[in-house]
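Structure first, commentary second.
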Amino acid sequence: MIDFSLFYNSTDHFSIIPAVMLALFGCAILLFDFLIFPDPRQRKFLLIFVVLAEAFTGFGLFRQQAWLAAQNAPELSGFGGSVTVDGFAIFFNWIFLVAAVVVAIVSYKYLEISGEHHGEYYSLILFAQCGMYFLATGTDLITLFIGLELMALCFYVMVGFLRTERRSNEAALKYLLLGAFSSGFLVYGFSVMYGIAGSTKLSDIAAAIASRPPWDPMVFLALSTTSVGLLFKVSAVPFHMWAPDAYEGAPTTVTAYLSVASKAASIAFLLRIFLGPLASARAVWEPLLAFIAIITLTIGNLAAINQTNIKRLLAYSSISHAGYMLLGLVAGNDTGIKGIAVYVMVYTFMNLGAFLVIIAMRRASIIGEDLDDLAGLVHKSPGYAFLMLIFLLSLAGIPPTAGFLGKYYIFLALIQTGHTGLAIVATLYVAVAIYYYFKIVRSMFIREEMEKTPMLATSFGLRCALALTGIATLAIGIYPEPFLRLAQTSLFR
């Protein structure tokens, strides 16, 4: 008889309950869409499955959090250490859950206007989130790669979801080809790590690399090839080329999900690798990462200046935000890692909010993605105009919005670790960002409306999502203490 207890114990299923819930409900949506709801008018009920999936996922995360607190344990390991649930993983998974819920509830009306199918769309949201779960909890190269590819494959399909639009198809193809190319580098880097340690466990790899000099050729090869794959996922320069096309070509709801959840998952993945296996090689990667962060800030901010398509402008803005997060990793102290966590949290709300306003602009004949589409918005829909103003001020890092808090901790960490020059340069780019964000503000508040078209009636879900993101963006900036305590739990140990 085979003793399965050698391979499976009672904590294994507990460590992946949220992922199991997401996968089961994702499959259930596909089955119900095909067998139970063939009539397009019935497909609105599929959204209920997404809400239930997120409710069960949230309950699973809460139970894991409660177990760690009750046991006074720093982490919960499953499957022989391949999955580790700790404060870091739970924090990021709450971010994924919020992003998925917001995107799902605003997608119903958007899909109706676009004339696209609902079933596979909602399933892809859940399957992508399932992949993100393993990116945040994975402590084994195989687990991390499976999570990454599950997430990436879902986004390849979602970016090209508008099958009748050429730009959507082109964006998906470019994203797929470049994504596959970067995954090749990542796998090669993983294979070098396995060759160094003889194990796929991150802890074993960290010990093996620590026993070698930082400039060891094999360590440098593993670092350089792995970094290509990781930096592509966070859209850092020079691996950012896919982001503007993918953001512009994808459905706006997908762009919102991609810009927030995918970036948060990729940041979690990057932290797992750089603060785990590659931590002892900091002398090598810190100056390289600092250079890449500054170049990312430069290209992202300067390229955004001349954009007239709002989604493309926000794509370059997203690239620059990746640069700020990388600077937190360059600092590398507790303040820096806490700063990254705070930045990811506030970026989720303010960037989602900005894209939600774009979604609200969608009318029967106007997509609502160009600056001209927002002209005179304050006269037609002052609520949307002022919400967009709040989100843009936050993206620029202006107090008392949440965005200021994220940048403050990044800059503080840089100064604490002696990187004052980097902090000064990063601060200068805030001024550049204010300039191109003001282009949108100018269009909404100063320019006259170019075409007298009535606003499309927005759904209740969209109004709730806008209220949530707007309140969160202001609340985190005005009363940050509870949110800072939440970010403190995410410190990587």
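Residue numbers in this text run from 1 along the chain shown.
Placement of Cβ uses the backbone N, Cα and C atoms for every residue, glycine included.
Note that the structure is a prediction, hence the values are computed from the model and not measured.
Taken from Swiss-Prot, the feature transmembrane segment covers 16-36, 45-65, 87-107, 119-139, 176-196, 219-239, 258-278, 285-305, 313-333, 340-360, 385-405, 421-441 (among others), and the record attributes it to sequence analysis.
Within the chain carrying the transmembrane segment (45-65), a Cβ under 8 angstroms from the stretch's Cβ atoms is held by residues 14-15, 17-18, 21-22, 24-26, 28-29, 32-33, 37, 76, 85, 90, 93-94, 97, 100-101, 104-105, 108, 118-119, 122, 125-126, 129, all 6 or more beyond its ends. The transmembrane segment (119-139) shares the most Cβ pairs under 8 Å with 16-36, out of the stretches 16-36, 176-196, 385-405, 421-441. Outside the transmembrane segment (385-405) by six or more residues, the chain places 317, 321, 342, 345-347, 349-351, 353-354, 357, 374, 377-378, 430, 433-434, 437, 440-441, 444-445, 466, 469-470, 472-478, 480, 483 with a CB less than 8 A from a CB of the stretch. Taking residue pairs at least 6 apart in sequence, the transmembrane segment (421-441) and the transmembrane segment (285-305) share three or more C-beta contacts under 8 angstroms.
When Cβ-Cβ distances below 8 Å are used as the criterion, the transmembrane segment (421-441) is approached by residues 290, 293-294, 297-298, 301-302, 304-305, 307, 310, 313, 317, 320, 323-324, 327, 330, 371, 374, 388-389, 392-393, 395-398, 407, 410-411, 414-415 of the same chain, each at least six residues removed from its ends.
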